[in-house]
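**Student:** In case it's useful when we look at the structure, here is the feature table from TrEMBL:
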BINDING   B:15, B:44, B:110, B:133, B:178, B:283, B:379  substrate binding site
DOMAIN    B:37-396  domain 'Aminotransferase class I/classII large'
BINDING   B:74, B:109, B:110, B:133, B:178, B:209, B:237, B:238, B:239, B:248, B:283  pyridoxal 5'-phosphate binding site
MOD_RES   B:240  N6-(pyridoxal phosphate)lysine
């Protein structure tokens with residue numbers, strides 16, 4: 001009889017968005033007259049269509065697949081050279097040098113942040129922020145790894161800093177952060193790189209929201225910090241940058257400097273291991289999507305993406321302005337599509353959820369869904385339309 | 001300091017195709033006059049372009065992504081309902097009933113056969129055939145699982161049958177087989193299902209080459225055998241069926257009956273676990289590819305696929321006829337794109353590789369690359385053009 005992976009018994013049910021959907025549905029059924037009035041600013045999915053470069057690239061690549069002479073079958077599991085180079089060029093335009101050979105193309109940062117856990121043995125101490133993107137916790141729980149938390153709170157602007165008394169082997173950082181929208185500055189990231197160097201720890205850096213950073217002095221990659229190439233793996237994606245949530249393209253940078261000793265003193269390279277993992281358990285991202293992604297990553301392609309991002313950031317500004325007017329403390333909204341605010345009047349986050357739904361038919365995400373430290377906070381996203389976002393904030397302003 | 005997964009130290013270097021490439025390159029450099037003469041019948045990649053339905057579907061879905069009203073962002077991690085149903089319908093047309101809700105859409109059978117190992121604890125006995133598709137071995141080695149082998153030999157037509165004295169928990173079967181092209185009949189598969197039932201084992205059934213089965217009495221799915229839904233997970237793909245090796249679409253069926261007890265007696269369902277695994281570490285297959293795949297899986301779409309498959313099978317026939325003429329024993333070539341033959345004149349497989357390259361500039365795959373039992377066998381594939389395949393076999397015929 002097969003022995004199953006019993007760590008799965010310890011994984012929490014991912015009920016957050018299901019529970020939101022359940023409560024919204026119950027409200028709609030109880031108030032059919034108000035159902036059409038509901039504005040959803042909860043889910044972190046984009047709404048703007050694909051850019052011109054992406055569409056052009058997709059059509060062109062599909063046409064290539066119609067002729068035997070230009071048909072492409074299996075590609076390199078790591079991604080085609082042309083797109084790995086396009087990623088490196090994009091980094092370079094943002095002031096960061098990355099070796100294209102260390103760029104691995106994949107179908108999603110969620111896949112890669114999940115699968116990377118396979119490279120690590122079970123007896124590691126994993127340090128994760130709270131509030132947190134639940135995937136970091138769930139994937140390590142499935143592996144039976146020991147997770148410890150660091151607190152993101154109002155006091156530290158939801159940007160936990162290293163604590164020398166804590167000995168972590170693997171550290172998850174996400175900046176600009178999901179769900180809090182907070183963004184580390186260079187000095188703060190340097191403190192993390194210094195901590196990792198001192199403790200020989202590995203930083204798993206999720207930069208999926210880097211394109212939303214508008215303040216030029218803020219780092220968009222951990223490799224903007226000297227020495228990070230010796231301790232950090234970076235995960236990024238076109239999901240939010242280019243509206244690829246349904247099209248799927250991501251990249252992970254694994255520097256060759258990340259070499260550690262096995263228990264009997266043999267050298268093991270995380271680059272080699274990830275390369276072996278991907279070659280064995282992955283067959284590459286679809287050619288047509290790689291082709292389109294290379295166009296998106298060009299200067300012209302990115303200019304188009306930035307137009308969509310500006311559209312979303314205008315929504316963020318509207319939300320942030322409303323909160324400021326009401327003296328409600330918040331993070332995000334400037335360098336991030338997320339706005340994370342303190343629930344007014346001492347409410348808990350699920351309480352506020354029900355209150356907003358009931359009173360003004362606005363749906364957001366209760367902070368409690370992201371960890372203990374989210375109990376009194378609430379997340380709104382800027383991925384709606386201008387009209388709906390403005391309307392939601394007008395209702396909010398009248399309510400409080 | 002992070003403790004790395006030291007099981008990676010036990011994974012063999014995957015040098016087979018790299019070594020083939022090295023030897024071919026060395027030959028070309030030594031004989032520049034012969035370089036243009038080389039015919040490659042080694043690698044298992046398709047060469048015919050995408051079918052009309054696939055191309056039409058891809059273009060249509062891309063167009064949908066250009067407008068906000070029809071744009072699709074995140075989809076269900078398990079795949080869209082419409083394509084899960086298209087898979088179930090395709091099964092039904094082949095005489096097998098599958099619940100669409102148990103069909104998980106993914107980017108490749110390689111990903112899924114690799115990732116499924118996560119659901120099983122380390123202390124299982126994994127039974128794998130030799131010769132074997134190396135991914136089954138490598139992925140379990142990375143997990144530190146114990147692998148035992150069953151022999152595929154000339155005596156059993158490279159179709160190993162269950163041995164009641166062997167106690168396996170998890171069994172890998174691939175039929176039609178890669179690399180041997182051998183195909184189990186229904187009686188033989190029933191013996192495996194009976195063994196699994198008696199031992200409460202799980203069968204991981206790889207049916208990636210099912211569309212090449214031409215003899216109607218041979219099963220194209222393990223679910224053609226009664227009781228298989230209680231013990232088997234099936235992996236299939238459009239890679240070879242529809243030329244999707246570079247486009248990426250696969251599906252895995254995990255029946256809900258696969259429920260086992262944890263060490264403290266709690267019920268654990270492999271369906272629930274795989275659902276949780278995919279929801280946590282995967283964000284779904286690109287929408288445009290799911291849309292195109294549904295078209296491919298329709299009756300019209302499959303008719304087009306069968307034209308390409310007939311093209312390849314004509315090559316297989318040419319290869320098989322030549323071997324028959326020379327009285328060389330082989331498997332495959334009828335219900336499979338692969339032909340696996342005994343090296344003539346007592347040669348070992350790498351010896352034959354060099355001999356064919358040197359004498360007639362034909363490149364194949366040495367059986368030794370697939371396991372101990374491949375030492376005296378050789379694989380040719382039918383994925384070339386008619387012209388090249390015929391030419392290669394004419395040279396072969398003259399040589400022996």
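Positions of Cβ are set from backbone N, Cα and C atoms, glycine also.
Automatic, uncurated: that is what TrEMBL annotation is.
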**Student:** For the residue listed as 'N6-(pyridoxal phosphate)lysine', identify the closest of the binding-site residues B:15, B:44, B:74, B:283, B:379, judging by Cα separation.
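**Tutor:** Ranked by Cα distance from the residue listed as 'N6-(pyridoxal phosphate)lysine', first place goes to B:44.
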**Student:** Quick one: of the binding-site residues B:74, B:237, B:239, which has its CA closest to the CA of residue B:283 (substrate binding site)?
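**Tutor:** Nearest by Cα distance to residue B:283 (substrate binding site): B:74.
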**Student:** Under 8 Å between C-beta atoms and at least six apart in sequence, can you list the same-chain neighbours of residue B:239 (pyridoxal 5'-phosphate binding site), or say none if there are none?
**Tutor:** B:46, B:108, B:109, B:208, B:245, B:248, B:249, B:250
**Student:** Hey, which of our recorded positions B:240, B:283, B:379 end up with a Cβ under 8 Å from chain A?
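**Tutor:** Correct list, in sequence order: B:283.
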**Student:** Measuring Cα to Cα, how many Å separate residue B:178 (substrate binding site) from residue B:237 (pyridoxal 5'-phosphate binding site)?
**Tutor:** 14
**Student:** According to DSSP, does residue B:237 (pyridoxal 5'-phosphate binding site) fall in a helix, a strand, or coil?
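**Tutor:** It is in a strand.
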**Student:** Sorry to bug you, but what's the C-alpha spacing from residue B:237 (pyridoxal 5'-phosphate binding site) to residue B:44 (substrate binding site), rounded to the closest Å?
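**Tutor:** Distance (Cα to Cα, whole Å): 14 Å.
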**Student:** Would you count the other C-beta atoms found within 10 angstroms of the C-beta of residue B:178 (substrate binding site) for me?
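**Tutor:** I count 24 other Cβ atoms within 10 Å of it.
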**Student:** Provide the number of Cβ atoms within 10 Å of the Cβ of residue B:240 (N6-(pyridoxal phosphate)lysine), excluding the reference atom itself.
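**Tutor:** So the number of other Cβ atoms within 10 Å of residue B:240 (N6-(pyridoxal phosphate)lysine) is 27.
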**Student:** For a quick check of understanding: given the listed substrate-binding residues B:15, B:44, B:110, B:133, B:178, B:283, B:379, what is the maximum Cα-Cα distance in angstrom, as an integer?
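**Tutor:** Value for the max Cα separation, rounded to a whole number: 36 Å.
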**Student:** Which residue among the binding-site residues B:15, B:133 has the fewest other Cβ atoms within 10 Å of its Cβ, if you could check?
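**Tutor:** Checked B:15, B:133; of these binding-site residues, fewest Cβ neighbours within 10 Å: B:15.
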**Student:** Give me the Cα-Cα distance between residue B:110 (substrate binding site) and residue B:237 (pyridoxal 5'-phosphate binding site), rounded to a whole Å.
**Tutor:** 9
